[in-house]
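Take a look at the structure below.
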Amino acid sequence: MMNNEQFGHSTASAQYFLQLAGYLGIPVISWNADNSGLERRASQSTLQLQLAPSIEHQSAAMLSILERYKWHQFSVVTSQIAGHDDFVQAVRERVAEMQDHFKFTILNAIVVTRTSDLMELVNSEARVMLLYATQTEAITILRAAEDLKLTGENYVWVVSQSVIEKKDAHPQFPIGMLGVHFDTSSAALMSEISNAIKIYGYGVEAYVSDPANRGKKLNTQSLSCEDEGRGRWDNGELYLRNVSIEGDLNKPNIEFTADGDLKSAELKIMNLRPSANNKNLVWEEIGVWKSWETQKLDIRDIAWPGNSHAPPQGVPEKFHLKITFLEEAPYINLSPADPVSGKCLMDRGVLCRVAADHEMADIDVGQAHRNGSFYQCCSGFCIDLLEKFAEELGFTYELVRVEDGKWGTLENGKWNGLIADLVNRKTDMVLTSLMINTEREAVVDFSEPFMETGIAIVVAKRTGIISPTAFLEPFDTASWMLVGIVAIQAATFMIFLFEWLSPSGYDMKLYLQNTNVTPYRFSLFRTYWLVWAVLFQAAVHVDSPRGFTSRFMTNVWALFAVVFLAIYTANLAAFMITREEFHEFTGLNDSRLVHPYSHKPSFKFGTIPYSHTDSTINKYFKEMHYYMKQHNKSSVADGVADVLSGSLDAFIYDGTVLDYLVAQDEDCRLMTVGSWYAMTGYGLAFSRNSKYVQMFNKRLLEFRANGDLERLRRYWMTGTCRPGKQEHKSSDPLALEQFLSAFLLLMAGILLAALLLLLEHVYFKYIRKRIAKKDGGHCCALISLSMGKSLTFRGAVYEATEILKKHRCNDPICDTHLWKVKHELDMTRLRVRQLEKALDKHGIKTPQLRLASSSDLLNHHHLKERPPLLGNLSLAASAQDLYRWSYKTEIAEMETVL
């Protein structure tokens, strides 16, 4: 036990002693006013107890003072005293425990090795400091703090026991200091001896009473530093930390934590104030802190720093800033103030001056607030951000619009706009959507960026026509080829093949046995006609196959057609819609923009002069910058309006601003295209070497970490563009140009039919004669019955009949030839009748038929059906005679007759 407070002088020996005791397994019960020797890193033994209040108790009591007076932010200042790291760690742990009901912010944690280290406090917002050092070190630190004006009525220093020591107050200490203290007198030391003996006794009793320790002895006879002895007391693990002994009156029992510290401790709250005779300063007890009570702190009247009658605010005193801006939605929007009161409504933001300084001379401020030419209401992302800064940092401000209305670029070697005001120190800060670039950073100081951005391109969507190939788009090329080349061809040839090979099909093997069945023919082209009709479910006349197998195959094909059409029609609606057309630029470096004259006609695009976008294009794309001067606009709203109207093909500007305007377009006709160019960010701008940069940077990082910036972005960047409106518009009636694909398909069909007609004429005029010499119509009839018939004599007769219907002679020679043919036909008819009579005389019955005369052929051209060439056959003849006649003698008889 030691009650001397030579902090730091006995630390090394105390640590050595505790480490040695831990190594030997010897328990230690200590009461040290200077508990720096008990720092955690040096004494990790589980055999040590500390009866004096620990560093954790002191840090908790100091933070209770801050909580009492609502001081949320503070700095920690320590010397290199042993245990200073433990003190800082104890403060951080206590702050984390209190976060649920009281939010602390540690601004700095400074270890002072030389007085210049305190400059970090000068540049911070700290007005409350926790000091942990020896008394000698505290004198040096506070003397330097006074020189740096870190003492006075706005600054509070809260110190630990190590600074107060024996309640000796040094004249260097500033009045109004607060501190924590406990009694370190000899009487206090002696009173703790009985508690230590009780703790030891109860610990031994608990050890012996434990059945697990039965047979173990607590003697140390075998302990020795020699080779034959044991160097560690294995039975020294007494149950000291589990001990609970009765404490003083109205105090809880003496118990220990897992670290060996007291669970309950009492500390005095001290205040440095003038003595009764005002000749010197004394530490006076003004309250007490009890760790076991809910309301731990009880404080009476305090002498505050600078002899003030009220406690310091704990935050920097208010300061005033002149802030320059330039409006740009959604960062800063301008709207008129209330004409009666001259104030802004809740949703209109704050008052901001739009008149120049010289216009405000001799103007009544109250009247100016109601005049929109002098003051308007500013709202938007940046205004909400400014309000948060003002609340956190405690400053007042005046918002003034930049006089020349420019963003700030180099013009003839001089800066204009917002940057010029900062360079000439006409303003303290610029707050708007000001982009950070290297040229501006060379003359002003920027904060951390609060929003990322780049140069983007906005274009308008225009309603186009339905694609001419829209009816083909439900399936890809491979699918259409599979259907057209594989499925249709396979089905056609399979149906025809099955019909050809079937006994009851084309070959008619079963038909020949049943002569009552009407003759039936089937060809490959008729199979194609059947397949296409089934596929498209056309209500046309088709010749169905008769074979069972071919009919089954036809039903399979019909099932395929049902599935195919269901899938096709279900997806067709998605493609038969109007397509939105727009200029799809890849970005600012698109060749059509970089070299505008290379595209005919050239695209019309522009930006805002003297903006960051304009200066960037001028720096990297000279040709583009020269071309777009004729299309530049004075404001973003004008540029976007021209894009919507078609006066401009594209407008180039800051990406986030254009994204906001795209979202605000109710018709959803705007869109940004391509990738952003020259990525950068928006930042707060200050004059060179401004003292405000650091404090704003710190708040910005906090706003980003806690999500405030993201919440502001989502609130202000959300637009009214609703895709549902576009869906509604798609149900409007289609215009002719939007249904053009169907007409193009019909036109293509007409042209193809005309081509087929031409091929048909070529066939009958040139090809048929050559084929007829080699094929009597049988093989060709297998492919097409019409083609086969055209190669037979009956086909020639039909063709001649059609010619005769329309034939008119134009000269006497033709009439002569025609009369001769008619005469031959009449003589032939007469000869036939004579032969019939001769046959009747011999008892041979001839078929009852009538040959058409030449006059019949010429006079029946007005009838829909051809006149029968052979008249009506007699039904009295047998079926076998009919078959024999129709298939063997028909052509020969007709040739004889003609």
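Just so you know, glycine gets a Cβ as well, placed from its N, Cα and C.
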Regarding the disulphide bond with C721, report which of C668, C779 TrEMBL records as its partner. C668
Largest C-alpha distance in Å for the L-glutamate site residues R440, T613, D654, as a whole number, is 17
Measuring CB to CB from D654 (L-glutamate binding site), give everything in the same chain under 8 Å that is also at least six residues away in sequence. S433, M435, T453, G454, I455, A456, H612, T613
Averaging the per-residue pLDDT over the domain 'Ionotropic glutamate receptor L-glutamate and glycine-binding' (366-424), what integer do you get? 90
Near the Cβ of R440 (L-glutamate binding site), how many other Cβ atoms are there if near means within 10 Å? 26
Given a separation of at least six residues and a C-beta threshold under 8 Å, show me what packs close to C721 (disulfide bond) in the same chain. V662, A663, Q664, D665, E666, D667, C668
Neighbourhood of the L-glutamate site (R440, T613, D654): other residues with Cβ within 8 Å of the Cβ centroid, in order? W407, L434, M435, N437, T453, I455, S611, H612, S615, T616, T680
Report, as a single number, how many Cβ atoms besides its own are within 10 Å of the Cβ of C668 (disulfide bond). 19
Pull the DSSP breakdown for the domain 'Ionotropic glutamate receptor L-glutamate and glycine-binding' (366-424) and write it out as helix, strand, coil residue counts. 24 helix, 16 strand, 19 coil
